[in-house]
Structure formats: structure tokens, C-alpha cells
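Engineer: As annotated by TrEMBL, compositional bias 'Basic and acidic residues' applies to 1-10, 20-65, 1385-1420, 1515-1524. Marked as compositional bias 'Acidic residues' by TrEMBL: 1493-1504. Here TrEMBL flags 86-173, 189-257, 280-345, 453-522, 542-609, 722-791, 1006-1079, 1194-1264, 1288-1360 as domain 'S1 motif'. Annotation source TrEMBL lists region 'Disordered' at 1-65, 1385-1429, 1441-1461, 1487-1524. Per TrEMBL, the feature repeat 'TPR' maps to 1665-1698.
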Amino acid sequence: MASKEDDFPRGGKKQTTTESRVKPVKHPEVDNLFKIRESEEPKKRKRQKGDALKKDKKQKIEKEEPLKLNKPASVDILQLKSLKVGTLMLGCVKEVTDFEVIISLPSGLLGYLNISNICDAYTKILSEQLDSEDTEEIFALSSLFSAGMLVRCVVARLDVGQCGSISIQLSVNPKEVNKGMSKECLNPGMTLSGFVASIEEHGYLVDLGIKGNNAFLPKHAAKDIPNIHKELMVGQYLTCILVEVKSDGAVVRLSVSPSAVAQSVAETEHGWTLTNLLPGLLVTAEIKKVTLHGLIIEFLSSFTGMVDFMHFETEHASPLKKGDIVKACVLHVEPTTRQVGLSLRNHLLQTGSNLRLATNDRIGEVVHGCKLTAHHSLSGAILELPDQTVVFVHRNHMKEPEEELNLNRVLAKPEHVCRIMDFSPLEQLHLVSLRRSIINAPYFRRYHDMHPGLIVEGKVMSLYPSGIMVKVSDYVRGLVPHVHLADVILKKPEKKYVVGMNIKCRVLSVDVQRKKLTLTRKRALLESTLPLFRTYEDARPGLVSHGFIVCIQNYGCIVRFYGDVKGLVPQNELCAERVVVPQSMFYVGQVVKAKVLKCEDEKLLLSLKAVSGDCEGPPKPKFKFEVGKVVEAKVLSKVPSGLEVSILPEEATVLLPTMHLSDHVSNCHIFWKVFQEGDIISDIVCVGNNAQNVTMTKKPTVKCALEEGVMVARDFSEITVGMQLIGWIMKILPYGVFVQFPCNLVGLAPKAAMSDRFVSDTAGPFQQGQTVVAKVTHVDEEKRRFLVTLKVSEVSVAKRETEARLLQGYQERKAVIETMTRRDDSDLVKQLSAVRLGQRITVSVEEVLEDGSVTLQSEELSEATVVPIEGHVPEKLVRDQKCTAVILYADLLTSQVFVSLLAKLTSVREQEKTLSKQPATVLHTDQDFAIISLDNSGQLTVIETTHHLNEATFDLNKLTAGQTLTVFVKETSCENLEGLPLVAREGDATEPHMFFSGHKSRYHFGDVVKAKVKAIKPTCLLLTLEDKAIGIVHVSEIEDVVRVGTFPTNSLKIGTKVTARVIGGRERKSRRFLPFSHRNFTYSLPELTLRPSKLKEDADNMTQSVKRYQVGDNIICFVSKFCPIRKCLELTIEPSVMGTVELLAMISDPKEAKHLQNLCKLGQAVSAKVVSVCRSKPSQISLSLNGVHKLEMGSIVVGKVQKIDGNLGLLVQLPFNTNGTVALEDLFDSFRKKPLATFKKGGFVRCCIVGQKNNKWQLSLRLSRTNPDKASVVQDPEIQSVDELTVGQVLRGYVKNVTERGVLVSLSRSIQGLVQFRRATKYFLPSHQAYAKYVPENSLLTAKVFSIDKDKQLIELSLLEDDTGKPDVLPASLGLPLRLFGGAKEQDKSTKRKRAESESKEEPAEETAKKSAGKTAEKKEKKKAKKSKVVDSDSGVEVYFREEEDEERVEKKNRSAEVLTPASAKPATLQVAGGFSWDVGLSSLKPASTALGEDDSSDGEEEQDKTKPQKRSRHDQETEKREAEKALTKLETELMDPGMRPQTAASFERLLLSSPDSSLLWLQYMAFHLQATQIDQARAVAERALKTINFREDREKLNVWVALMNLENLYGTAESLQKVFDRATQYCEPIPVYQQLADIYHKSEKTKEADRLYQTMVKRFRQETSVWLSYGTFLLQQGQSDAASALLQRAIKSLPTREHVDVICKFAKLELRYGDVERGKAMFDKVLSSYPKRTDLWSVFIDLLIKHGSQNDIRALFDRVIHLSVAVKKIKFFFKRYLDYEKKHGTPESVLAVKLKAMEYVESKGTDATG
């Protein structure tokens, strides 16, 4: 053991007092936890001997320092990102609601205290009162907590919301807050928090959360609490002082005197440690260090804490210095690092009173002219408002959410604009934000900003049955009730609204106190132009307004408007005609126009019939909106989505969306900011007009297209494939974007047609409202819809259009400046309007910061902020230095002017007057425009950032700052650009480049050359150098950053000029890469690179180091080729490094193995993990693409089945040359009878590694293992150990072996159980070999755990029927003797002797019976053979009728066999042939004949023959038969008669114990509950039935599923019915389930649902004839004869040819029965014309005509049949039927006529007929 003194040098040596109560103060263990690093000092002395003197001095200083238990940390405020669960904090109650308390925490954080996290006593009262449904004694949270109260709390958990926001959930339970306290640590004078646990006679028991402690507060002491006039309540929060401590802390007496609590200061003698230190304690501290951001202080002799700048006291902040003694309050204690935060604020040092809470008047206020007084880099800044109020802005609110903080920009501003967000009571400071999005937000966090009638825009957050929740702003939520989702009541709102959808709503009412906002989506209310009734004062008599009906009574309707305004419409004012029943004409939620008749004392009398179109004021002329008409408009108001304008001169009000103000997205927002109410906007054109909406636009491109009539379609009929149209993005959805065009035409651009590059997120490439050019690719004339493509490669735009767009955008910004100048004559606007691109101004350096950035000031732009662009500031600038700057860009919205100080731009050069190509450099870019400088002349000009309207935001040819490109100067001085050159880009924008050439003697490592792309291959580029030599570029040397899934070689095109650098060479023959340093380096192909990072490096500094790869590294590779023979993928990583991926390391899904070549395409970038690196050949690397580089427990990989072993299971080949085994129990989550039948050798499986045994991995194929994220039903769970089993548990397993000891059953891969033979079966077997014969290995059995010996790991099981509830494993048909126990054996012996004697006596008679039986059998065989001959020679019609007779005889025989068998003990089963209906009653259900079928009867008879060898007389057999029939009839009567059914649930349970597999009993049980309207209990019975009925009883389970679907159809919802249906199709054969649900829909008159289901059936089961016939029957019953005919054509196409005739005949039969008789006859005629010799079809046709046809038709048909050229016997049959018909329906003359025809037929046939 190491020396304890070395590890704990100060442990137990520093005890300053001998009192027992003070001993816990100095815990050696706690001290040494923070001083472990001292043990490293001796090692440091040995290493550094030269600095011994310095070290000795340092050690002496350290020894003199006082003891520090926690390391001093950097001073910072409490940050949300560093907050941890378990942190103790002091909080202030901010707001109390019904179920939670909102608590303000340090640094402006907010926490939420749930009602269940108060204390145990209060939680117990809540649960008891809720169970008793008596809430009178429950104290509301408002009676326990008050605003401003200080509480000690702990972070219980940190919840993450849907949008990623973190919610701090708190707890004030003393068990959590005082978790570090123990009763031994309690000392008098300590201040603790607790809750009143119970009220006693003389006081209160207080819960301190300390185990073994009882705290008592006398009643007289409780009177000292202020604002408490009555007794304390259970759950009351108390801050108390320990007055007296007894019995080592077991009993304490408390005091809650406010003065005593306020004066209580924590002392060292109290025994406080870092483990039990609590927030809210007052301590005396010494300042140890003063920093810029706060103080580091020491308290309680050895603890270190920090005080951040927000907790300085204002009047004492400046004179504080090291060594001062101050009084502080503990704010928070971090549990792991033991960091302690304290406060010096006076309002926290007086803990006896509540804190002051600010009013809501200033929250949300926007304040101008704020000055930044102090900045703290880690936290934020302090601002001073114009009224001298000090506020705090957090670092995150000094920038926009998606931007990076530019500190120079913030510090450069002399004044700021902020918005007050909240008030922090603990700091007594207001919290503000500098974000523009928050400052400009129309609706901030206050519900005060909302008023009824306001139109707002929001985003759907969630959908509820009561409505949808809408997010109006970050702090305001609103509810749209269900009746207000649309003008009509929506049955399925989820089809119209989805989460994340942006919608427009109107405010109906606002409850500021309860923070409830009610909205409406009714279009009539949204678009209403009538006056709004927000108050009763607005509802003046004679005015008309829109309202909605909230109540309908016989005396009239109640109509509600906005807010609380509502009125009555009497019955006589509802309509011009008399209305007897208002409910028949109106519905709740209906929007109506109501006219005010009378308004007195907030009572409105309204009229609906008086509204005949009369509104207040004269009628206004209606503007006629024509597509293409150009008008002017006046701005009425600004809304978030655009401008509400009035068309002049008609004054029709429309909405001009923000994105329709310009073709340039950036200009749209500028226009929206600049336009104000009253401004006149010209050149507005109408592009769409329908009944719902009018679309106006100011886009110049769309306006020009409409004027010229090009790229525009006026109607859908004009749209053709290949046509190009101008439009704009209307809606962005996950599967593509909808593009709207003029004249209300809308096309869809699928995801694949949005861009030439792969689009992963449709929200990225385009913005809603962006102008695009689309090309039509597909037109659907029937559905009137079309598809378009937005790919730049397929949509052409003329260069002149790009140039015109640039000039138009520049002129728009110029117009904005003129508008601002005309409106505002301030110095700032004048200075900004005078700014020109390229203008040179003189600036002075105001400040030089540490990072090299500077702040500038200019006398010419004194009112604006001058900001230098990053990278455009020269070095060695000093303060107050004068220099020249060039203006690049002026931001009109932020009043910032961006300049450059580079000498090459500020120097004046002679401008070129010639038109030529010039290189240019991009200086600055925004969303649409870029500022460039011409390198030759130094001139500045502006170009567009994109070539094409459709270029996406991620396209590579979009310009970026610092980029070099070649431009062509078209005009040296363009008037529309204010004298700037007009240039056009040439080719794609690239990095700085030159063109290279090469020859062996001229190339050196690092040479920069110029080249042109000659050829593009998947993994390399071939370049042509200047001297016509060829160079090669590896795919990894094209881009610095390669995205997975891209093709780097596709970024260049043939003929593109590039700049490259030589990095090596390749041999001409082998193309093998060699570095220049290689000894055999000879080459003719130089290896080049295009990577920008390598082009910028200095050639002398470039290194040729070989990169080393480690196992597990993630690297980017490129697909080289796929080897089908070796089944591997070759990847290239670098020019000299290759990698291979084996088959199993390529795929993560077995389905991918079928199409390996489609996984990756040549040249595609993929992400791979390094599996191994060959030491001998480092250039050969083994890789993996499925994310797994080594196998370990829990890894999920794909394996290949190598061997299928009936005993062991599967032998699977795994990646990386390893193998594994899969036991039978790990194949499926639900065991199967033949588990290995679904696998085959060579197949691929997805497996999970669960263990290792004998150097082989143990695998599992269970779905719950391989797909843990997917919910799966685990019927047979994994058993890891014996501890998971319990006696009596019923489970399933596979037979492992049958030995002399018993049956060995495998329950899992590692656990087996033994079944002794006496518990294996109730029958007796002579040997275990006989048992193994009937129960082979791998048989699936159900067993019950009989006993468990955990010490020996032995498990005994039982297979008996009484234990498992399953049938015996040996069938009764074997005739085995029963196993007897105890005295039954002796009785069995005597029985055997008697049986032997009787058998010997009756042996002759038995032989005689056998002989007679043999003769009888021979006679039957002869008779049967004879009968078969007759059948063979008979006609098809006779066979048809005989088969029916035979079936009837078989049914009679079966019924007699059922009576003869002893199956009456078996319960009757229910046969549900069609849709089950609860309305009909269970009396209509009949037992299935198959339940007591021939198989069971024969088995029973065989068993009787073996068990009862005595011969019975015929009389005895008949008697027994009659008795069995009586018993069966009685049983059926009892089960089917409602009057004789069980009347209690207990009676049903008793019956079910004896007959658990009878669906009839289960359904009667369900009906019993339904009669008592106990729907949920009926569902529970159905679920029990599905779990109880044997899985072999498929028909019984189907009956229950059908009954459950009927139940949900009648009493449930559509969703619940769908869930039951989905489950039924999983556990039963799908076709019967579909048929049953269709019948249910049909019988309940839900024709739409039935039709929808039938359509699904014919798609899914198109090869099933019965499905087509069922659908046809349904259509004909609905009267849709044409639809049935179309269905028949579909059926003929889907079904095999051999079934066509039968299907057509059956459809014809259905037509005759339900549809058009003539059509049915025509169908039969057509079939019989093609198949005239099908006499069976003729017979069917005759039968149908007899039922549905006329006598003339029937006689005509008989005349046709008797003249067929078929066998004479068949004609005789038809003559016989013809004669029978006439005898029954005809006359003697007609009978005679038939006989004459028969005689003629005989005479014509001659001897053939007579024979």
C-alpha cells in the first residue's frame, strides 16, 4: 500500500478545536480531493534541478497560502450551457399558475417548478384528494407561494423542446435541496429551508428532507411570519433557523423570525462543507482578487467563490480592493466542480423580505440612444438607457441567431437600439436584446400587443382534437379552435394543416392575465372589409359586421364578434321567411352578416334578414382585375407578409406580398422597410384573379413577360411540353416546390428537377416568392396539372436578360435612396444619399484592437458608422492616423458604410477606355450583388452574384469574397450605373488561376502551371499543358472540402482553363504515382493538384510527407471500381493510396446485397472507416462503408449464412474474416415451428453481436436487436440469466434433446430447462425413445416453470395441459394409456385383468364382424366404381347438380358423425361469414360446422374403438346417438338463447376457464358488456380473447377480430378502427380481414370507405378472383353498373387466362341479379358464342333466366340449346329440363310442341339418339 501521507499530505493534521461539533468542519477526504496534484511536485524537482532556488521560493509562498477546498475558476455569470442537473440555486418566484411556479434564477434564467416537485406531504395530499374526487382541501399554489418570494431550489432535469430550446425543471423538495445534509451535521444557528409536513396541536412538523430528523416549529413562533394571519398550511415553504438540536440531530426546534433569519450569518463553527453548502446563506468573505469581470473571494476560512459583475453593489463597486471584508449571499453551488457563486447586492443580504418585481409597462419597449458602458467578453455587456437605467444584454443577444458575433461592429457604434425583454429580480436589472429580428418584431413577448381583429401570421406548432396551436412569435402562442379552422367544419384537419406550416390568422380574443389568445382561420372573417366590433361602443345601430354563431336556441341565435362582444338574433330576425326550427338552417361556427338594431347596456339586438347588402356608407365601385393590367396603388398598412395597398383610383384593397416587390430578394426587404403608409407605388401588374384571391406583383421580369406575351400561358390549354415560363416559388414542400405562373397556373418541380446538383433539403435552394424560369416537362390533361424543371442546364436565359436584371436592381436601390432623401432631410440620410461606389474619403483611426481590427471615423460621414471590410486593413496602423479609404457598400438599413483601406484600391490610376477582357477580384458580396475591382485599372463596379435566375444558394458558381474571375468590359462608363463600368462575367468563377504547360526538363516540385481540361474520368482529370503535354489530376486533388455523395470531377467541364501545381508524376506505362524524391522517378505524366490551399502555399514551404492512417479514422475516399468476381469495392484515397472494401463491410441492409453495383457510382465521394493498414504495404488499406471498423458487443452488421444446422442454428460469416453462430432462440422475437425454413445458404442477414464463446461471436437476428429504433412485438423475450425467471411463468422453447432423465428444452442460447416425463405428458410411454419419436428435436413447446434452483442453475419445467393451458404434446388419437398416480394404479391392474378375460371370450365374434365388414367394404368399392363411371359419361350439367346433392349428403353425414363423437364437451365455435353487427344480436350467430368436423369425429371413433373393444348392439348405438343429439341441442340452446346466458361476469369467467378457445363465448362476453354500455370493458375482453385463444385456432381468432372491428365501427373512431384492422392483417390471413371490413362498411352504409378499401384490395390481391367478384358485387349493389363493367376489364387484365371465362360468367350472373338484366344476357351470349360446348354454362344461364327473365327469352334460349352440336346425352338432359319447364309454366300446347321437337331431334340423329 502506498503511503497515505504522500497522497493526502494534510489529512487529519489540522484540527483547530477539540469540540465534537466542530470536527466535521475539516474533512481530510474533502480537502485532499482538491489537492491531489501536489503529489506530482517531487517528480518535477527531479526533472528541473537548475531552478531549485526559484522552486523553493514558490513552495514557501504556497505553504503560506490558506487552505482552499475548491479551485478558483474564471469569473463568469451563470450560463445555461454550463448548467447541470443537481445545481443548487437561489431563486425568486416570478409567477404562480395553477400547476406550476415560474422562478427567476441568477443571470436572468427562468426555471419551472412543477406541482409534483414541492414536497412529499403536499404530493400525498394531492394524490389522496384526486382519488377521492374532493378538491376542497387542496391548497392552490398561489396560497403557498407569492411573487417575489426567495426559495432554495435544485435543477431536477433539463428538458429539450421540439425546437431545441432547453427548459429548466426545478425542485424545492427538501430531500433534494438538503441532500448533502445529515442529522449529525446539524448545529444550532444553521439556516435551512423546509416545508410544513403536518399540523399538530402545539405547532407544526416541518420536513427538512434529512433522514432520521424531526423538526418542530411551535405555533407561537410561527406568528412571526409576515402576511400570515391564519395557521400555516401543509406544503408551506419556510426558511428557518435551528434553535435547538437534540439527540445528535434527531430532534430540532426551529424559529422563523424574519429578523433572526436576516441577521443569521453562516459561521465556521456551524460545520458547513462544500457538500452541504446551501444557496441563500449569508457569509462573511474576504476579497482575494479583483478582475475585470468580478471578484474572487474567500469565505468560511477555506472556501473560494466568485462574484460576477452583475452582483456588485453600485455604490461600492469602485472602491472594492483586495483584502476587504464584505458580506455576501450564496447564489448557486455547482455539484461536480464545487464552484460557488455569491452576490454582494443589498436586496439579497436582507433575506427577511420579498424582492421587488418590475411592472410589465417597460417589457417590450424599444429604446433608442443606449450607450454601452461595459463589455464582458464571456457574458455580455452593460448598457445605459437615456433615463440612466442600467440594463444587461447577453452575449447571444448581441447578434442574430445564425450570425457570428462581430464585436468590432458592436463597439464601433456610439449608440444602440435595444428592446427590453424581461426583468431579473435577483439582479434587479432589466434584460435587453440588440437583435434586429427582436427589435423589429411587430408582436413581442407581451400579450398586451395583441388586440381583437388584428391579422397575424404564425406557424403551426401542434394539432389537438380541440384545434391547432399556432406560434405567433417566440413568446406568444395562440389557439385556433376546431370550429374556426375553416369556413366549414373540418372532419380531418390533419389533411389541411401540418406542423411547421405558415398560416395567417385573425385575433378573436385576448386574455392578458391568463395569457390566452384565440384565433380564427375562417376566410370570411380574415378577408372581411366590414367594420369590426371589438367593443360594444363599436357596435352602433345600423352598422353591419361579420360574426359567427356560438349558440342556437328555439328563440334565436347568439352571434359573437371580437373580444367579448356578442348579441342575440331573435327568431323573427333570422330570415325573411318564418323559421320554425333554427337548427335546421344554421350551425354553430357559421359566419354570418349581422346588422345592429339596438345596443344598450352591453346588450346587442341583431338582425340577419335586414342585411340585404347594405353596409355603412355608399357602395364603392368594384375594380375589375385583369391579368396584365398595370396600375398604381397607395400603401394602406404594412403587415409581416407584405403591404396592404389600395388600387387607384377605384380604391380596391389587395395585398402586395413582400417577395413581389422586386426580382431581387434583397431589394424586396429594403422596399418593405422603406415604404410607409400613404406612399404611391407604380408599375404594379395583376398576375392572377380568382374568386378566392387576387395576386399583384411588381416584379419587372414578370411584368415584361406579360407585356411582350412571351414565356407566358394565358390558359392551361396553351401549356405544352418544352415551353419556358416565368414564375415564382409559391410553396416549398419536402418532395419539391410549387411554382406559380400568371393566370393562376401552378406547376410542380419535383425534388430531382430543382437543380443540376443533388438536393438534400428542398428548403435550401430557393426562397418563397423568388423569381424563376421553368420549363414544362410533363402535362396531365385529365387532371389539369403539369410538371416543370428548374435545372439551369435545361432552362436557357439570354445574356441580355441578365444584364437588364443587373441594371434594374441597381436602379431600384437608387430609387430607395431618393425616397429616403425626399422623406427625411436629416444629416445621416443626406450623407448616405451622397455615397457612391468607389468614392474615396479620408478616415482617421479611432482605435486599434488586439486582434488587428480597427474602428474608423470620417468627418464626411460623421453620422454614419464606417466599417472596414475584413482583410482590407493594412498592417501597422496607429491611433489617430489619417488614411484614404474607398467606399464599397452602404447599408441603408443599418446606416453602415463599408470601406477598404488597401493601397491598390485607394491609389488613383488612369482608367482604361478600351473594351477588353480583364481579371477582376471580388471585394464584397450580398444576396444578389457583388462589388468587384478590375485589376488592370483599379476601377470598381457591380455585378450579379449569379448567372441565372434559377441558380441555387449552394451552386459552386456563386461568387464569394476574394474570388478571382475574368470579365469583359462592355461599357467603360455606363449611365445607368452612375458612370461605373458595365462588365459581364466570362465562364465559371474559379479560384485565382493561371494556365500551365509542362516538359520533363522544366518541371520541379511546386511549379505552378496553366492547363486546360482535356478529358474527365471518374477518378481523375487529364489536362493539356501549354506545350501540348498531358498532365493528370487525381480526384482527391480537385477540392479542399469534399462533400460525401458528390462527384468532384463533375465540377469542371472540358475546355475549362485551370491553374495547377506540380506535386509528383506518374509512369507512362503503369500510371503509378511516384513522388519526385523516389529513386526510380521517371515520368512523362506530371501529377498536378487544383486544391486552392495548395495553390496558395509557398513552394519552398510545401512538404511531401506521407499521411499515416490509423485504425478507426474517418476518411474521404472515391469509388474506383467494383470487382464482381471478388465481390469487393476498390476505392482510391490519394494518388498513391488505395483501399478495398469487402462485401460485408459495404452494406448495412441485406436488401442492398442484391444490387451491389448500384450502391456507389464511379468517382463518387464516400465516407469510410479504416479497418486495417498493411505494414508491408502502407498504400493498401482495408476500409468499411457501414460505419463499423471492428466487431464488438452490440455491433449491428450484415452477415452471410454459411451453414444451416438443425441443432446449432446458423453459422454466419461476418465482416473482417470472422464467424458467428445464431441459436434457434435468437432467430425471431416470436418463436416459430420451423425457424430455419426461412433461411438458405448464401443468404444475407442483419445480425447483432450479443456475446462470444469458443472464439466465435454469438449473434442475434431478433428484430428488437437489429432494429432497436423500430417498435416490434416481442412474444418470446430473451432470457439472459436464471434470475429473470419466476416459478409459474409460462414460456416457450425448443426441444434440445430427449434423454432418460426427461426432455431438455432450450429457453435461450444459454439457459435450458428439464422436463421430467411425469410432467411432459399425461400419457404413459414405455421408453424415452418412444417419446422422442413423437416429439422430435427443435419442436416448439409451451412450458411452465415448475421449480428453480439458482445455486445449481437448474430449471424444472412442466408441459402438462393443466399447467400450460395448451393441449397435450401427444395427441389422443395415438390411443396411449393414461399415466396413473398412487391408488389408481392398483385399480388399473384389476381393470386390465377383467378386460383381458372379456376380450378372450368375444374374440370369435370379433373376427366374424371383421369379415362382414370386409365384405361390406368390397361392395362399397364396387358401387363407388360404378358410380364413377356414370359420372364420367354424364354431362357437365348433371355433374353440377350431383355435386350439390353429394355435398348435402356429406353435410348430413358430418352432422351425424358430430353426434356420434364425444365432442359435446368441446365448446361450439362461432362462424362469422359476413360482417358482424352488434345490432342484430348474438342469436343470429351459428357454430361453425368445421369445429365438430370429420377429422375430430374420425379421431374420436378410432379412440373409441381402441378404448372400448366391446361390440355394441344397433339399438345401443341409436340410443347413444339420440342422447348425444339431445345433449348437443341443449348445449347450443343454452349458448345461443339470450335468456339462458350467464348474467354476470363471474359466470362468463367460469365458462371461459373450461372453454378458452370458443369465440362464441368470448363474443357473448363482449355483448354482455355492450348491453351495459361498457365499451372499454368490451374492448378489454376482445384483447384477452386474442391473447388466450390458441394460435392454431385461426377461424376462432378471426371471429374475434371481426367482432372487434364491428365494435370500433359502431362505438369507436376511424383511427381506432384502422389500428384494429392493421393488427388483424398482421395476425390473420389478410384477404378474409379485408373482406370482413368491407362488408362492415357496406352494412353500416359507409360506401366511400368501402369503395376505398375495395380499391386497395384489387391492387394488393389482384390475382385473387374472389376479391374482384366482391368488389363487383358491391358496385352493382350501389347501382354503379358502368363502374362494374370497367372493373371487369381490369380483372381480365390481372387474372390468368384460364380464369377469364369463369370471371365473365360470374360478373354476368351478378349483372342479372343486381344490375342491368340486358347487359348480363349480352355477356352470357358473348361467352356462349365463343364456347358453345360448355353445357355447364348453358345450364347456369337457363337457371338465371328462369329467375330473372321473361318466358319468351327462356323459350328462345331452350330452342338454342337443343340445337347445339354436342353429345346426345347432354341434349337429352336439356330436353328434359325444357319439358319440365313447360309442364310447370306453360300450356298443353307448349308441352306438345316440346315433345314434337324432341321427336324431330331423334329422327334427325337416327340410331345415335336411340342408342
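Every residue gets a Cβ built from N, Cα and C, even glycine.
Because TrEMBL annotations are produced automatically, they should be read as predictions rather than curated entries.
Help me picture where these features are in the structure shown.
Structural biologist: Across the domain 'S1 motif' (280-345), the model assigns an average pLDDT of 86.
Secondary structure by DSSP for the domain 'S1 motif' (453-522): 6 helix, 35 strand, 29 coil.
Within the domain 'S1 motif' (542-609), the DSSP-based counts of helix, strand and coil residues read 6 helix, 35 strand, 27 coil.
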Engineer: Check the domain 'S1 motif' (1006-1079) against each of 189-257, 453-522, 542-609, 722-791, 1194-1264 and return whichever range has the most CB pairs under 8 Å.
Structural biologist: 722-791
Engineer: Which residue counts does DSSP give the domain 'S1 motif' (1288-1360) for helix, strand and coil?
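Structural biologist: Computed counts for the domain 'S1 motif' (1288-1360) are 10 helix, 33 strand, 30 coil.
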Engineer: Using DSSP, break the domain 'S1 motif' (189-257) down into helix, strand and coil residues and give each count.
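Structural biologist: Across the domain 'S1 motif' (189-257), the residues distribute as 7 helix, 34 strand, 28 coil.
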Engineer: With DSSP helix as H/G/I and strand as E/B, how many residues of the domain 'S1 motif' (86-173) fall in helix, strand and coil?
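Structural biologist: Summed over the domain 'S1 motif' (86-173), the classes give 23 helix, 36 strand, 29 coil.
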Engineer: Tell me the residue counts in helix, strand and coil for the domain 'S1 motif' (1006-1079), as DSSP assigns them.
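Structural biologist: The breakdown for the domain 'S1 motif' (1006-1079) reads 7 helix, 33 strand, 34 coil.
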